[in-house]
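Residues annotated as (6S)-5-formyl-5,6,7,8-tetrahydrofolate binding site in Swiss-Prot, with sequence analysis given as evidence: 25, 87, 130, 464. Positions annotated as domain 'TrmE-type G' by Swiss-Prot: 226-386. What Swiss-Prot records for 236-241, 255-261, 280-283 is GTP binding site. The K(+) binding site annotation in Swiss-Prot covers 236, 255, 257, 260 and rests on sequence analysis. Positions annotated as Mg(2+) binding site by Swiss-Prot, on the basis of sequence analysis: 240, 261.
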């Protein structure tokens, strides 16, 4: 069946499973009030007042009540989607919700009512200018938030904080483009428009503001995605003990027998609101045990995908030949923290130090068993992540936002280089400003392909 963005659509808007309340939502698309009024009459036996809660029966085709609950009618454009919307809020049992949903589809078949696709209600809100693209993505991020900090940041994006900063940057770039275009269009004038309007100073200020927005977006991306942290090292160096210490719970089995962990144990923990996906892995060593070999192979697969590797060492022996061989296989470009564990058996005090800034290699001494120095490791992980403690204005951001912001930053840097050249480079200056503007507009959806929209909204749940 060929679907369009103007079809009437319906879906269950609440999460699957049993609950006190279940919501069925209809957005009437191009059919509008011509479909809304007769469908309300068929489903509730009443004509509903706009934006007023009515306690009504939800009727089947014979006029018998399937359920009773609250019906809300939102005429366009004052609704979530910007279209005429009807919500039936009844009991949250899966059977009764499916009955009400099917009744809606049957009653609305004459108007082309169909089941909504994932994210289609929010897509309509975007297409009808109720939300821009960054705000629409924030709806999904708010639903999926795994920490309080992520939820609050998603809320800021939904309220438009991120979008307002992007729109302000776009307006500044447009103003600067106008100055450049004026200079190009009137070359015979003696006035230097760029010099008179302090164009270079304006560009510098735009780049400074963009840098601030990018910094906030990076923080938001951390809150959304978190970090993948892999515990690696020889058997019996305390990897499982460290996982338990970081999590504050007995998640992994700890014994003095080397090779106890044969497969990965994964746990997501929070540090200052950042989700850390910590993975305890099988000890790395030469072995003839076929099961253990499989676990070791999986360990290396996890290391290849890690954002950070915690290389655990026994503080009593330090870096051994075997540890050197393990470290030599770590992927380039991945930050590594050498964790000297079991300091309680050596008399060493917990401490942190940088080993190689260029390689992002550092060292933390701690005792996972006693908990001494674990706080230092948490601080080191925050440093590696680039987290700025106490950030209050963070908005949740996605990888595509960061890519667009970095691209805009590069175009503005190139524009600045052209601005310092002679007037023959002005057309290149103007072009780089245009490209920067396009990148910024792609964040809010001012310039977005249908393919991009399809990918974004397909990841929403049905009913949103």
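Just so it is clear, glycine is given a Cβ too, placed from its N, Cα and C backbone atoms.
Source: prediction; values computed, not measured.
Note: the Cα of residue 239 (GTP binding site) and the Cα of residue 25 ((6S)-5-formyl-5,6,7,8-tetrahydrofolate binding site) are spaced 49 Å from each other. The separation of residue 25 ((6S)-5-formyl-5,6,7,8-tetrahydrofolate binding site) from residue 236 (GTP binding site), Cα to Cα, is 55 Å.
Cβ neighbour counts within 10 Å, taken over all protein chains shown, single out 239 as the most crowded of the binding-site residues 25, 130, 239. Each of the binding-site residues 87, 236, 240, 282 was assessed for Cβ neighbours inside 10 Å, and the highest tally belongs to 282. The two recorded residues, residue 240 (Mg(2+) binding site) and residue 87 ((6S)-5-formyl-5,6,7,8-tetrahydrofolate binding site), have Cα atoms 50 Å apart. For the recorded site, residue 239 (GTP binding site), the DSSP three-state label reads helix. Across the domain 'TrmE-type G' (226-386), the model assigns an average pLDDT of 85. For the pair residue 282 (GTP binding site) and residue 130 ((6S)-5-formyl-5,6,7,8-tetrahydrofolate binding site), the C-alpha distance works out to 50 angstrom.
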